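The signal peptide annotation in TrEMBL covers 1-27. TrEMBL lists 55-170, 426-539 with the feature domain 'DOMON'. For 245-275, 287-306, 326-345, 357-387, 586-604, 616-639, 651-670, 690-709, the entry in TrEMBL reads transmembrane segment. The domain 'Cytochrome b561' feature in TrEMBL is assigned to 251-378, 549-734.
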Amino acid sequence: MKMSLYSSVSFILFTLIALQCPPLTVSPFNKLRRPAAQLYHSTTSPSTPASFNASKLGLPRTTSSETVENTWSFILSAPDSSVFIGIGFSTNGKMIGSSAVVGWLPPNGGQGHTKQYFLGGQSPGEVMPDQGDLVIVNGSLKIESVSSRLYMSFQLTVEMPRKNILYAKGPAGFFPSSPGFRLREHQSMTTTTINYVTGKQETSPFLKTNLCPKEDAWANEHVWLGNTNHHRCHSGTTYGANHRLLLWLPFVIHIAIQMTGFLLGLIGIICGLFLENQTNANNVSTHKALGITILVMGFLQVLALFARPDKESKYRKYWNWYHHNIGRVMIILTISNIFYGIHLGKAGTSWNVGYGSAIGVLALAAIGLEMNLYSSVSFIFFTLIALQCPPLTIQQTTDSCSSTLPLNDLTFNSSLLQCVEAWTPQNYILRYARTLENTWSLILSAPDSNVFIGIGFSTNGQMIGSSAVVGWLPPGSGGGGQAKQYFLGGQSPGEVTPDQGDLVIVNGSLKIESVSSRLYMSFQLTAELPRQSILYAKGPAGFFPSSPGFRLREHQSMTTTTINYNTGSQSVVKGSPHSKLRKTHGLMNMIGWGILIIIGAIVARHMKQWEPTWFYSHIAVQIIGFLLGLTGIICGLILENRTNASNVSTHKALGITILVMGGLQVLALLARPDKESKYRKYWNWYHHNIGRALIILAISNIFYGIHLAKAGSSWNAGYGSAVGVLALAATGLE
């Protein structure tokens, strides 16, 4: 089974949208939500009328003359909290297959209702009113409210009631109504096992415990039962240690998996940064910016664990919204960036198919858990059918040096052309030849991906000072492409001037056309030998220069090569000798001063309820940030000495100021007065405001450094995204 990239992305997109929809099932009794309380005994009868003698509830059965043979009387008591209450009798301790008695009494004098339900399944349609195998004595089933408590009484005709009992509490404000009397999912539920002879009650064997928190929510749920001279009152049993472990287990698994994923992802991003430095890759700016953004979002998700309000807190819903939606956005960005990384790495279809299959399986599993069984099977069935359909791929012709040139109206003999794979990651092909004395014919071939393409000729391997030929063909233009020479006088758009440069282009030879989804830009140069340092560029998607200025925007990616025109051999220029040092300087300062210091400040301000975890986390993050920032500043000083840069005085002065302030913050830890000291408030004022000033200066100097280095919009976008996410997180926590 194969799917095209378009089909794969569409499938993942609609899958992720589907996962945000509410589940299609409503389960009235299927989830164990709240613990019950420990079994206890009472000798006080419920002060409520019943259709039987309530004084005979509780003790083991006797042959008293007051006893009705094979008749058991029950009264279930619970707080009148505007909910339905229920008691079920099961043969195996499970909800499905049980029969239950459910009652409700709407507020404001509404009429009470009681019914038997057969719990045939987990969906509302499988929970059927007025059905079940409980033989209820006629007229015995009723419910009423006394002193803000509900009392539901009934009698069963049976030799011995089932010992597995389920208790349920409905959602607040909901009451079943005619004609269907359909139930909704309970608010909480527990399952117990009772010994009718001894009156003892406990949880199912695998949940047995002796622990009993008095504040448990089920401590007020009572049931009276029996047919003797005394009554016995039982509450549901508590969850206890093992049951709490079952409740905590999904949370612990979630944390363990997420932390493992975060650490593996962090290692992957660090490897990517080293790889960029070693290969001097210049087409990974978007990939790197997305990776850093994902890293920051992941770190915030980890920190959010420490800032999690209690479930009862009024802020919990805002925390849930933040945590869940940041997680969803992070997943979408991660999936997109992984596919994009596979594309950049030219890893081939096996990587796409492998990762796409894994995502597909996870998506199907998630959708299956969100839907009921019937819908899940149907969805998977139709998805598998859809995957058998022919892929929606659009075949794009690939060019290579072994391919025949598909151009027919050339003014020179194409059989003389030598061919080199100029820029392999972008599938750029360069064909060239000396076709006349001092006349060189060149054809640059590249995929028609809705961008401009360019080839520049440099004297020193640098962009500035070079002359370039740039061409573009907008979609729907009917073949009306344009190509121009540009002089690359600088890195800003105003310094790249059209119709200028020192290339002598033969009149009428410069043109661009699209054949089989590829662009072919051909031209002829008058030169004894073209310059050997060649630059190739790919423009941003969807942008094309237009009159009157024909101004270019910054390229999407670029590379520099050196070619030997005689042999056709070509090598990639690794960049300036200081490019790695420059990138290390920028990255260390960006991560240290510009990200970690901010995160440490957020920890100190918003996580003090976790004493002393917040303090050690704050110290650890700030120390790491300080050390990385110190490394970055040292790299900057070395870089200045080696390059003899003359325009970095302000940038250096700000950096040294930031370093001094950071050192003072570290030293302030040693001079911190006790909390009871009268000087502590002055220390707090100093420490907090120096920290704020440091953060503001660090952010400003990082953006200024990006400007000085002319690193391009990708660095601005990447760091700006990280700062934006941190700012949103801090604002949300405020």
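From the backbone N, Cα and C atoms, a Cβ is placed for every residue, glycine too.
Where the annotation comes from TrEMBL, it is an automatic prediction and has not been curated.
Panel annotation: around the transmembrane segment (651-670), residues 589, 593, 597, 619, 622-623, 626, 629-630, 633, 636-637, 640, 683, 686-687, 690-691, 693-694, 697-698, 700-701, 704-705, 708 of the same chain, lying at least six beyond its termini, place a Cβ under 8 Å from a Cβ of the stretch. Mean pLDDT, taken over the domain 'DOMON' (426-539), works out to 89 on the 0 to 100 scale.
Across the range of the domain 'DOMON' (426-539), the DSSP-based residue counts are 4 helix, 62 strand, 48 coil. In terms of DSSP secondary structure, the domain 'DOMON' (55-170) contains 5 helix, 53 strand, 58 coil. Counting residue by residue with DSSP, the domain 'Cytochrome b561' (251-378) contains 108 helix, 0 strand, 20 coil.
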